[in-house]
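Here the structure is laid out as structure tokens; the discussion comes afterwards.
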Amino acid sequence: MAGTVVLDDVELREAQRDYLDFLDDEEDQGIYQSKVRELISDNQYRLIVNVNDLRRKNEKRANRLLSNAFEELVAFQRALKDFVASIDATYAKQYEEFYIGLEGSFGSKHVSPRTLTSCFLSCVVCVEGIVTKCSLVRPKVVRSVHYCPATKKTIERRYSDLTSLVAFPSSSVYPTKDEENNPLETEYGLSVYKDHQIITIQEMPEKAPAGQLPRSVDVILDDDLVDRVKPGDRVQVVGTYRCLPGKKGGYTSGTFRTVLIACNVKQMSKDVQPSFSAEDIAKIKKFSKTRSKDIFDQLARSLAPSIHGHDYVKKAILCLLLGGVERDLENGSHIRGDINILLIGDPSVAKSQLLRYVLCTAPRAIPTTGRGSSGVGLTAAVTTDQETGERRLEAGAMVLADRGVVCIDEFDKMSDMDRTAIHEVMEQGRVTIAKAGIHARLNARCSVLAAANPVYGRYDQYKTPMENIGLQDSLLSRFDLLFIMLDQMDPEQDREISDHVLRMHRYRAPGEQDGDAMPLGSAVDILATDDPNFSPDDQQDTQIYEKHDNLLHGIKKKKEKMVSAAFMRKYIHVAKIIKPVLTQESAAYIAEEYSRLRSQDSMSSDTARTSPVTARTLETLIRLATAHAKARMSKTVDLQDAEEAVELVQYAYFKKVLEKEKKRKKRSEDESDAEDEVEKSQEDQEQKTKRRRICPSDAKEGDSYDPYDFTNTEEEMPQVHTPKATDSQETKESQKVELSESRLKAFKAALLEVFREAHAQSVGMNRLTESVNRDNEEPFSSAEIQAALSRMQDDNQVMVSEGIVFLI
């Protein structure tokens, strides 16, 4: 037995010597010697080693490292500590252990959670997946020091479990007494702890077999690897696959829980901070100077080139990506700089496609849908921790998208309670939680881009925008811009769209020949942490314009060039940093245009507002003008920026409402027939038309086509063909009749009872007259009813319109 231990020690020392020779490569290329020096200067203790380099120098040792990870990694880490001590002895004493992280090509050991089987136990594997869950970071004791006051001795105890590289786990009993039953005091300052976190990685949905649920695996992160990732990140985790026995009632069952003990974590998703070279900065400066006149239009045209038209919407989305300037005033108030946009329109007008483009372009973007997300899922939820049973906060989509964009599709399918939850986020940029003993405030400074369908499925142009949208004013005022996107029947437009869509379907990626079979399934999987065909030169050389493709971009026009997506991403990232200042001229213009917007809806008869014009609209104009100035890389918000912002708001805030002319003609013919039957004179008819010009619309038309009447007025409609002269006579009589206060009070009580019985906010005039006089000893005449209603209308208690009484 002793010989075996000695043999193991000999093998361990031999492995340690091999790894030390590999690290000490001064005579070769000196790669790892320079890496260790960088590690010391950066005050780090984990060295990332490429398996390909080890395989090139010592293939046998590389194979043993991948297949017998625990013993080999212990030897490798000891060799690293010896090598660090040879370079800087004082630095080596600062840390008890130095760690090795692996990267490179793993071949058959590059797996997904589904293909991670028992044959990979104790091997180094590379697993790809999406992070679905992250536990809290907790301290884990590595070494505890205890002092005995009675004997004045110090006791030290080390702890190791199955998640560490040590072969045999130690006892987890924390000592409180020594061998002679003397009490011990823990010296917390001398004890050593390490950070510990557990994350769950799930198989990528595109790589899961059809019709099967994606599988997941738990990953243990220690020390410097904690908090490297967050839920939703696509990652590659390199680590050792190990099984942990599960004890139940003192017995170990035959099935084991498996975990991955990570030694390196690498993000696969695009970086929040794109890498810039000096060449990129020079290109961005040159582009902003040479195209200073039409740079905003040029960038807006290049947004989502696969979508035809929607020029104003693309300009607004560019403003959303650039954002305004956020301000925190001295009195504690906060002025948001994020721009929120709502797209409402018919099906198949590319609303969801625009959202998908923003997801690909914005540095941080979180997608959600109206039906699949709740209020707490968007803001923050209080959950119970599985390990400790404590209550803790879990961030929602808007908190995760802090300083980014939240894209909400099918916004109209959300319930009113869930929509109310995002009110605070959209204006204040934060989430306040006060429940289950937790009071917290989380930052959620994100822009909201939402898409919704109208109330009736398709947009009804004969109804006002507010009736079509069907959302509360308190929510609509928080959206800076609301666009109504219609699917209109225009032969010329339809021809252009069909030509564009057909070109998109005929487009083939570069390198594919026409007529070649399209590959089934996904592209070829790269079984390495880095793409072997990737060269750093490709990353640095970012082209400003895309190469023209007749299928992708259509027939080439003289001055129309498309900015490439990579350059657009970098340009937006640089432009967002600029904080332009309003000039006196632009501030005066915005103030003047704001007052004009407030009064515009009362002047124009055939247009209606899509959302209320409030004081928030003034801030919207400032934010849009600031975003336009950022696109020009300007330090000031000039008059041209303010004019562009006003043009966007004018387009988004007002929508034309059509009138049903054919039906109006038909109704007027019916009216004339009714008047002939009653044998009205020509003079009375002229007086009637004069009065009709004064009132907004005809009474009969209102009775038959009123959207607000929820009572059974349809049964009464045929009876409302009496000539309108009686109404005019009643109004004349009502002017003569003076109603006493007691009669008015009795009428108000009877009217309230009528509304209560009807369970509605509106009642027809005929039904009102019958109900008021039903059980009344002193019935009201029609003149008294008209006089009482006019008095109540003056006091803003009711509203009478087109023969229907509305309760305010």
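For all residues, glycine too, the Cβ spot is worked out from N, Cα and C.
When Swiss-Prot is compared with the stretches 153-156, 361-364, 477-480, the one noted as motif 'Arginine finger' is 477-480. Note on the domain 'MCM' (295-502): mean pLDDT across this stretch is 82. According to DSSP, Gln353 (ADP binding site) is assigned to a helical segment.
As a summary of secondary structure, the motif 'Arginine finger' (477-480) carries 0 helix, 0 strand, 4 coil according to DSSP.
Neighbours of Ala395 (ADP binding site), defined as other CB atoms within 10 A of its CB across all chains, total 17.
If you take the Cα of Gln353 (ADP binding site) and the Cα of Ser611 (phosphoserine), they are about 24 angstrom apart, rounded to a whole number.
Residues within less than 8 Å, Cβ to Cβ, of Ser611 (phosphoserine) and separated from it by at least 6 positions along the same chain comprise Ile469, Asp473, Leu476, Ser477, Phe479, Leu482, Tyr653. Residues listed for ADP, Gln353, Leu393, Glu394, Ala395, Ala397, cover a largest CA to CA span of 33 Å. Each of the binding-site residues Leu393, Ala397 was scored by other CB atoms within 10 A of its CB, and the lowest score goes to Leu393. Considering only the recorded positions Lys293, Ala395, Ala397, the residue whose Cα is spatially closest to the Cα of Ser160 (phosphoserine) is Ala395.
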